[in-house]
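The structure appears right after this line, and notes come after that.
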Amino acid sequence: KSHFSSSSIKSLTNLDLPSSATGVDDDPLYVDVPKPRRDKSERKPYPTPMKELIRRAKEEKQLRQSQPCRVLEDPPDNGLLVPELVDVAHRVHRCRASLLSGLSKIIHHISVHRCRFCSEVHIGKEGHEIRTCTGPGSGSRSANHVWKRGRASDVVLIPKCYHLYDRAVKPRVIHDERFTVPKISAVLELCIQAGVDLEKFPSKRRSKPVYSIEGRIVDFEEVNDGNSETAVITTTTNTATLDSCNAEKKSLKDVSVETMESWFEMVSGVSKLMERYKVWTCGYCPEIQVGPKGHKVRMCKATKHQMRDGMHAWQEATIDDVVGPNYVWHVRDPDGSVLDNSLQRFYGKAPAVVELCVQGGAPVPDQYMSMMRLDVV
């Protein structure tokens, strides 16, 4: 059964509209084209209401005062893995590798274009003529895009974050460590913290929970030397699996279908992992960090960064912050004329991965039929 025929992935696009606007309660088939990007000076909306965040902070403070020294019981805050999410993490890791491999094959058959001056991406034989460029010198070009050849990294937006060796005892990267601590894909870091062992990016694994002494995390367990061997075995097994898959010759349609399935399965798995493993994002810039807390690297250059001395304004991240949908204009006929600016209101949109796979021969997912405006004649 296809994974992307289900409407359970609707949270990916933040497309929940009030019933008064759609006329249908929670029906993903009635979804409009996403609105233009918000003003950069505005802060991102909080996924959790501020009153709820204040209530949680008060409860944690009262718990620390009542029990200054205690053993943390709930994973992953106590340094242990969540057992039921280990398989999910491995599945997400495999889907990520399958997604990147599939995209690298599809772009050899379907052209991907990116604007030289802004983040606009277009999938088709030629770039569109819709005047929406906001980059440098866009006024002199009448907001026309200047296209160049794109890559697979332009199709799927997965930001990078700092890798944490020990998420429980040392959950933050300080400013002086910004060049020594490696930055990896946020999805990969989430999988590592949830149980995936990689030799290149080791992670501390425990068999006993850590202690909280007056708010400080203390670990009395001896260092376990068995992590490196497990990492080698895991990495070798995954590499052998990928090599066997690459050896099979598949048609463009089959690769597109598998790539779209990997995309939706990866997004679904990341959403499950984010329910237990915290992910933070800056309220004003795209910076992201996987772990109990946001890092202390003073690199924010967004609105009001002078007031924060370059520190990021951390808040709870959403699935769109971790795996950006990256909406692009839908091209109904790849062999037809380019998209015209005067007909902009009649064109639909879709995530770049979906648009690329659909042009490769994959069926259109049900939840994106209305957004792609396939009903417009």
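From the backbone N, Cα and C atoms, a Cβ is placed for every residue, glycine too.
Remember, TrEMBL labels are computer predictions, not curated facts.
Annotated compositional bias 'Low complexity' per TrEMBL: 1-11, in sequence order.
What TrEMBL lists as compositional bias 'Polar residues' is 12-22.
Here TrEMBL flags 34-45 as compositional bias 'Basic and acidic residues'.
Annotated domain 'APO' per TrEMBL: 114-200 (among others), in sequence order.
Taking the domain 'APO' (281-366) as a whole, pLDDT averages 92 in the prediction. Here TrEMBL flags 281-366 (among others) as domain 'APO'.
Annotation source TrEMBL lists region 'Disordered' at 1-51.
With DSSP classes pooled into helix, strand and coil, the tally for the domain 'APO' (114-200) is 16 helix, 15 strand, 56 coil.
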